[in-house]
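These notes are about the structure you will find just below.
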């Protein structure tokens, strides 16, 4: 697979549709700085899926869209397409079957990004997966942008590992592992959810079993309730039918009365209709006479208007005759002037035509002379250009030989200096310090022991911190429970207090002078079981206020609504009360003591209603039994109390006092729990601080131990490196001596070639100067001939323009002459029309005056007929008003009768609807009406039946919320539980399968990574000396775990013993990075490689070695590179020039080097 085309539209500076053809294996992109060369590399990275605007030298992704120039509008979208030749079907997957594959990306200013493969919409991931494992990608090693060489060599170990993984094809395994881990995580979460659901189902099954028992009881009560309701509906159905019959009879009587009144109204309506018809006929006659009279008046007015208009028209016609005569005379004068001017212009046009013919002949003669002079000048120019090209070729060859000679001399001097430097380095190589190495080893043993002790202490503190955390949680939980209890009591207390305050605010005594007097219910206490009974027996007296004796003397000061009070002080005789008296159960203030003894005299306490009924014969006088529920039993009967009507002011006041006592107890408990929480938190904080201090000390031991191990490793590495360095220097010295001998011989041959080229250049320069003088003289002759031709053309054009203007003027005058003739004919015709109109108007005036006199007589007769008709119409209207008054009186009575009948009808319909409703209810319940009729004869008391229905309903209500579907839900819950159990087993099997797949992926990844790492390391060791002319380099793993270990690179150029890659110069870093990149390419060749000015930091010698290596690798990989270096440009098979003639807009100029050389050879041979 190889790259054949790059298509750009609206991408950065490439605003116009641009196609870059890439036919060869070595293609160079050249051009001045800032013309947009690097935008080509950015375009390739962008279409391969780059999502970071920073990597594309922008702040946002919309920056890649052309933003406009001085004469260009911003582009609406950016589009880049790469076309690949896949005839070898090296691409994998579904797209590998196509011989040509194109990938395209589009981005609009609205941020919509689209990807296409062979014009089919795809995802960004599809494009990424297409090139996985090939090195091609937005962050792959096949695209090397500006500054990326230095970033590769200075990258972190994790970043370098990514390049090795891409070369090993592990990236697709990592993607599969990531997807598998994601599925494994989702599967485990699903398993946990299944477990939670199973637990919830178990709890639901227990609840549903209890609900099923309640549902069965509910069905039995509902069946009993339905039967009772059917019997009640049957009885109500029969009652509704009887009521409907009664209302039907009453409705018929009312209907007959309404019909009699309606008949009288109908007779009056017929009489009124006859009167309205007479009135209508009389009005029509009046209307016809009015219309006839109005028509006569209108005709008379029209004739008068026509007479006045005709007089005005005769005056206008007289003025028109005078104006027409003047226009005829004026047009005849204009015709004479136009005839004279046309004759003069005709003579001038004839003269200009003759002059135009003479200048046309002059132009033709000079046009024939100019090509001859131009042909002679072109022949001289071609001969001079050939001489100049030959001279330039000799100069380029001379410069190339001179440069080669200078390069050889510089290389000789460099090699001689390098040879002396290597020999000096060999003598100065230091020996390792064995004593320092032993000291570091002893210190490492001591630190290891301290590290182990610190780790043990840290573990103990961690357990203490966890225990303290649990204590804090327990204290906080106790505090939350206590505080919640306190807040609940406080809320209940505040709510009850607000309720009592609202009641006091609504008191009828609030607006009286006695608003602050004591109230009974606030000053009485009783046991909780008798509080309700006391409220019942006192009733409204609970709100009684204690007033002074003289308060009732002023009724105006008392409330206007229902109220109760007692006079204080009051003298009431107190007699002995039995032991069972209610007064013994209560306590009150002295103010209300006497009143309570008076009100509660004879009220005895009974434990329940049965006791009171059984002992009612023991009562004496006005005594009554009072139960805790509020029921009262006396000798002659009983009063049962309804609980819904009770006023529990005494209970509420007692509850408020109890809540206040509980609040006093709960508040100290909450404060004590809060103090315990604070103490636990302080203990936790102290232990946490101790743990962090111990953790910091532990990290210091670890860092020092790691540093010592690193230094020991460096000591051992330096010893091995010294031995390798000695061997390397010896090999390099032998190679340099051989190169010096070869280059000395090459310099001698280059000197002879340079001398021969200088002699040829001097002779050809003299010939070129002579040809230039002759060419300049002929060029002057051509310019003279061109000026003469231009002058003749100018004169011809001026004469032709003047002739054209005169011809247009003549045509215009002739058109004006024709228009004048037409206007003269029109005015003469107008004079004839005016004469005819004047003759016709004389007879018409007399005829219209006679007709006006006749119409005036007829109008007087019509006015007399209108007066008689108006009098007859008034008599008819008076009769109609009298009949209408009688009809209104009857009509007012009719709605009352109809409303009464309608009301009876509504009552009858209501009874029928009730009967139908009860009957529909029976039919909906499929009731047996015969059986209900027989049962109704025995149980015909509807009130007793409804009381039984209410009791059954209360029994149903006492069951509370009933789940009627409990049995069905119980069965479904058991089925769901079995389903979730089977699903859990399937999910667990899936988890085992995914874990096995991850283990297989890890094994494959380790195997591939290790093999690729070893192969790349070997290639780096081979390419590095090739690019540097010596030295050594290698890759190292930062960890033993092949799945996560980073990769570091160690490089030492010839003659250097640097301990870090960061100590190298910019050029050395670039060559080191290239050795790594080329090693990756040699192991896993990418289809193509993009290089953006990677040779910028290299000198000529290193550039030559770089070019040689690129040429070798171009046999397998296609290279597209950007460069300003002449040597790198010479290596290219095709040059693509990027220009910016228009500011801000890039354009492409392509040159095939092989075709250019062939053309140059053909010109030289000719």
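Even glycines carry a Cβ here, placed using N, Cα and C.
Annotated in TrEMBL:
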| type | residues | note |
| --- | --- | --- |
| BINDING | 32, 33, 34, 35, 36, 37, 38, 39 | ATP binding site |
| COILED | 251-492 | coiled coil |
| COILED | 670-830 | coiled coil |
| DOMAIN | 3-1146 | domain 'RecF/RecN/SMC N-terminal' |
| DOMAIN | 518-614 | domain 'SMC hinge' |
Residue 36 (ATP binding site) CB neighbourhood, other CB atoms within 10 A: 24
Least Cβ-crowded entry, counting other Cβ within 10 Å, from the binding-site residues listed as 33, 38, 39: 33
ATP site, defined by 32, 33, 34, 35, 36, 37, 38, 39: further same-chain residues with Cβ within 8 Å of the Cβ centre: 13, 31, 1138, 1140, 1146
Sequence-distant neighbours of residue 35 (ATP binding site) in its chain (C-beta under 8 A, six or more apart): 13, 1138, 1139, 1140, 1146
Surrounding CB atoms that lie within 10 Å of the CB of residue 37 (ATP binding site), all protein chains: 23
For residue 38 (ATP binding site), the three-state class that DSSP assigns: helix
For residue 32 (ATP binding site), the number of other Cβ atoms found within 10 Å of its own Cβ: 11
Cβ atoms near residue 34 (ATP binding site) (within 10 Å, other residues, all chains): 10
